[in-house]
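Single-structure report; data block below.
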């Protein structure tokens with residue numbers, strides 16, 4: 001009898017065969033599934049705590065996606081030769097998996113749940129993110145935890161005007177769209193994408209196509225659960241304290257309603273804190289008088305939050321003004337200023353209502369490109385975008401340090417939005433870093449980073465293909481009534497049912513991110529949201545174009561200038577020198593940065609035009625070929641009995657034979673030449689071994705022939 005109750009399911013999905021198995025590996029986890037997609041293998045495990053911690057008032061879900069270097073047949077770098085902190089790619093995929101899973105746990109479930117996905121084997125052509133998401137969903141489904149799944153996922157490309165399901169990496173490179181969609185049988189929950197200025201109907205079509213195709217994976221997970229799933233947990237949400245809800249409503253409803261008539265965020269936050277504190281104090285006073293125990297702060301806070309949500313949502317659905325007084329379609333007032341920081345290469349201050357981003361663009365050389373050591377192989381990235389949001393942006397105190405998952409995710413979204421409109425490396429050879437410093441935040445700071453990033457790049461002289469703007473949309477849905485909100489506030493994000501971010505140009509969408517908290521979102525609602533987002537985006541683009549009509553034609557005085565020359569690839573070693581001695585001396589003496597590609601393209605960068613010109617001249621001398629018939633001003637390096645060794649160019653010497661020095665016979669060469677002497681010589685012969693023969697006599701004879709003869 002086998003130790004294992006192994007269950008295997010296989011299905012064809014697009015161009016790939018997918019194999020899912022459970023029951024053999026990691027049997028002590030609550031759920032574990034191994035997913036194999038054409039040799040890309042991931043192990044997804046789930047462990048759920050049987051009870052919640054006392055006083056727990058939120059759902060502690062953690063998702064960790066971990067890439068093992070052995071999966072690609074590699075040994076990790078570094079002193080310890082083992083995997084360390086998560087890479088940016090691992091963090092982004094962890095977020096990608098977390099986002100569709102989190103809304104499917106029932107309200108009131110506060111038991112700790114940990115999802116860990118290990119990449120065990122990697123096929124460079126098959127990305128591991130979709131197998132990881134499918135595996136995490138399957139592991140949750142077989143675990144028996146209270147989970148309203150399973151979740152399916154699919155990647156969609158758009159190649160030759162057709163949608164392609166789960167494309168290979170090679171296909172993605174030739175696609176105008178890279179979109180990941182996740183959802184249940186009935187609804188889309190999450191979309192993450194970047195596109196090459198595609199129209200809204202193509203984007204929506206990709207979402208619908210992906211949702212239809214993921215049903216195959218969902219059906220396979222159902223089959224896996226039927227044969228290998230564990231018993232469902234006997235869990236029920238704690239009954240609601242109706243007496244507490246009723247009393248809190250009596251005490252706080254009108255006060256909360258009044259607070260939400262305050263348009264200013266800071267003033268509103270102050271009033272809300274006062275209502276929370278007063279409500280808690282009133283309940284404690286009543287409990288003391290009755291000789292009972294007062295409800296804890298967390299329970300009271302949850303009830304108050306529900307009342308806030310009810311007030312805000314009902315006001316919007318009833319056609320009343322939003323929290324800050326706007327209607328559903330109005331974008332907040334926008335202010336734009338460029339050239340904000342004097343010594344940076346490009347900068348912009350983008351303010352939309354109470355959200356503000358100070359964005360800075362920096363230009364660098366090829367040596368400044370980010371080198372990414374991915375499982376699929378090392379590659380270089382010439383465009384970096386980093387998003388920072390310090391605590392002061394929301395008027396709070398907090399930890400300042402390395403970026404958190406949210407900051408990494410927001411930076412990647414803004415990067416995707418701008419990437420489609422950047423010039424190619426051939427058109428603009430600089431590496432580019434954009435940093436978005438969020439100085440104020442009240443919703444949609446990632447989209448402010450897109451707008452500010454585009455303006456900062458233009459200020460830096462980067463020839464963008466078009467202006468790029470981004471906008472965040474929200475949704476309130478109750479039964480058959482819904483309202484799509486343009487340019488949402490932070491509170492509307494927390495209290496709403498959808499966070500929907502769209503970035504693009506006047507011609508189309510470049511990035512789309514959607515997170516949906518409920519399962520009633522239809523294609524029609526998404527269509528309305530996309531159309532309303534386009535209207536808002538066009539408004540912002542109009543403001544941006546009015547402020548900055550085009551790219552700054554001159555680079556900042558503090559940005560490096562670049563020139564490019566082509567040399568024979570066989571001469572690269574001469575420019576570099578033994579142990580890098582030649583190129584090191586070149587860069588130090590001329591104050592330049594020099595990059596040499598394998599095909600012989602040399603890029604020289606410096607803030608000094610004189611330094612660049614000197615470096616260019618010296619490289620041309622180093623790589624120049626000695627040509628027969630050419631005349632050179634050489635330096636005598638060494639005297640021999642039969643002639644002299646003369647240096648013509650760096651690394652290029654020739655022999656000046658004693659018979660080629662003068663027309664008369666020479667007895668002692670020292671009478672004519674000295675070491676270190678400058679001498680003009682002509683190349684009269686070279687051979688296949690690179691040996692060069694020189695003549696000074698030939699120049700003397702040529703000079704004599706050109707002298708005018710005396711008139712008779």
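Cβ coordinates come from backbone N, Cα and C, glycine included.
According to Swiss-Prot:
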{"type": "BINDING", "residues": "493, 499", "note": "Mg(2+) binding site"}
{"type": "DOMAIN", "residues": "560-619", "note": "domain 'KH'"}
{"type": "DOMAIN", "residues": "629-697", "note": "domain 'S1 motif'"}
| If you run through the domain 'S1 motif' (629-697) with DSSP, how many residues end up as helix, strand and coil? | 7 helix, 36 strand, 26 coil
| task | With a 10 Å radius around each C-beta, find which of these binding-site residues (493, 499) has the fewest other C-beta atoms nearby. | result | 493
| request: May I have the DSSP-based helix, strand and coil counts for the residues of the domain 'KH' (560-619)? | output: 32 helix, 16 strand, 12 coil
